[in-house]
């Protein structure tokens, strides 16, 4: 049973499952990469929900285009026509959201909710109408809801791949302008960028990704491809363009896994499988990312705890206080700061002196600049040189020497 | 205004004429004229809500203006944006943004990088150089969310420095920063002035105006006074700008800080 699944999947993974499947796989990967890239900028601009509105708003245009083509030619399944219809109604939805946000007191989220449900509802009504029509290919329309790559024509796959590639290049060209606007739109304006135009280009590229992705993931799930990979990327890096690159990689990987899996059996929906693959990558990152993953956070907490104990132990040594805490004693002993009987070694004595000196500097800093000090994380636990600019430290050092009674 | 004919406006790094900005029906800035003298260090002063930041934002094209004309070296701002470096208020950005200090400073090089270029060592060195001018080179790889208020302000200043612009416009650079940072920033600004650059700065601490600046623009929605500090920064002008909210003792301390210091000593 398992081998009957694994064998064709393996063939698909190695691009050996026929020309069409390979082309679709490649297209889905490029689509995933562009969705991840543009999605990252949308996430950084804090407008992720907009992609939800865009995708749902495609349905009425899609169905209207189908009805129009069906009445004219008797068959409404011509992909470019459907995509143009979808793009037009998505653009209308986007325009409506922007107008509600700009002209009324409603926020963008409320506008998105209103437009998304209305247009999607309208589209569902139209689908019902189509089903009562006497034309061919109505069944194919549900493929646009959850994605269906299995029976895709070579011409359709080529179109999707070419458009996705074009989008990828467009996002790459615009990356620095997008970044500038995402971080600080006002500053971007002073550098001669028109922030409104850049925002518009960003949304147009998002719209294009959604529309091109309709046949691959379906309109309900394309959102996942523009949100999950960027969030996954955020786990692995603190640098903006690296986050975009990682998101592109995750999107491509999700597309690759999803399409190849769905090719194993006819009737397996592509969209859900792509989303599940994207989620798998997200879950792995959530657990194991070295920066923000759950495991790393727990380890960092343990390290932090040891650092607190080390510092407290050293200060106690400097003041000749007795130490009772087990962990403190263990930490000091492991570093060679105390002997087995709890007496400080020469190394420990000098470390204790350093710690006490730092503690004085920090105390002086807290005293001088209370507001600043309140903003800094765990002051006193990191070397003061790595936490404050050198000129500040020099001022503190010289001030400390002038204070009468300070032991130097 | 015919900018082509007025040599003073053609030479000024920022000249505004009849600038009016309105939020709703209430004017935030009303018909302000000001010609920034080249090579000057000018403080924009006024009470809260006087439209100081709004004036700058409208001049820079961030906020839409209702009427008025803005010229940078005699030409519209859009053509001249490379000559202007802007240091916004710290609170204007999300400090959780995934970026390191170096990333933020590199944003100042936006115009030097074409889309096909990757950032080179030359750009990185340029950014590091301006970071070292504000004492932050050791923080280049730090995530910006880990910085204190004063350090954030230094990073913004470094981003503006890397632009190497003729005019630097700063919006409350000393708000909520520690004394050491204030000193460091003032030193950088004075060195810029010594190199012939022009500085325009929204400032809220009246007591330091005389120490830091050579020109002032006093506004309270409308222009109250402008000119050299020793001529325009008078108690009469201050009383007018602040609507009589300053006491005599405060005024004496502001107008004659030296006398106040000797008194205290």
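Each residue, glycine too, has its Cβ placed from N, Cα and C.
TrEMBL does not curate its annotations; it predicts them automatically.
According to TrEMBL, the protein carries these features:
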type	residues	note
TRANSMEM	A:23-44	transmembrane segment
TRANSMEM	A:56-73	transmembrane segment
TRANSMEM	A:79-98	transmembrane segment
TRANSMEM	A:110-130	transmembrane segment
TRANSMEM	A:150-173	transmembrane segment
TRANSMEM	A:200-228	transmembrane segment
TRANSMEM	A:240-259	transmembrane segment
TRANSMEM	A:271-288	transmembrane segment
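If you look at the transmembrane segment (A:271-288), the same-chain residues 6 or more away from its ends with a CB under 8 A from one of its CBs are 28, 32, 146-147, 216-218, 220-222, 224-225, 228-229, 231-232, 235-236, 250-251, 253-259, 261-262, 294-296. Of the two recorded stretches, the transmembrane segment (A:240-259) does not lie close to the transmembrane segment (A:79-98), with fewer than three CB pairs under 8 Å once pairs fewer than 6 apart in sequence are set aside. A contact between the transmembrane segment (A:110-130) and the transmembrane segment (A:150-173) is absent, since fewer than 3 of their C-beta pairs, 6 or more residues apart, lie under 8 Å.
When Cβ distances are compared across the two stretches, the transmembrane segment (A:79-98) makes no contact with the transmembrane segment (A:23-44), since fewer than 3 pairs at least 6 residues apart fall below 8 angstroms. Within its own chain, the transmembrane segment (A:200-228) has Cβ neighbours under 8 Å at 24, 27-28, 31-32, 34-36, 38-39, 41-43, 45, 48, 50-52, 54-56, 58-59, 62, 79, 82-83, 86-87, 90-91, 94, 143-149, 152, 156, 160, 163-164, 167, 170-171, 174, 178, 181, 250-251, 254-255, 258-259, 269-272, 274-275, 278-279, 281-282, counting only residues six or more beyond its boundaries. Outside the transmembrane segment (A:150-173), and at least 6 residues removed from its termini, the chain residues within Cβ reach (under 8 Å) are 19-20, 23-24, 26-27, 30-31, 33-34, 37-38, 41, 79-80, 205, 208-209, 212, 215-216, 248, 262-263, 266-268, 270.
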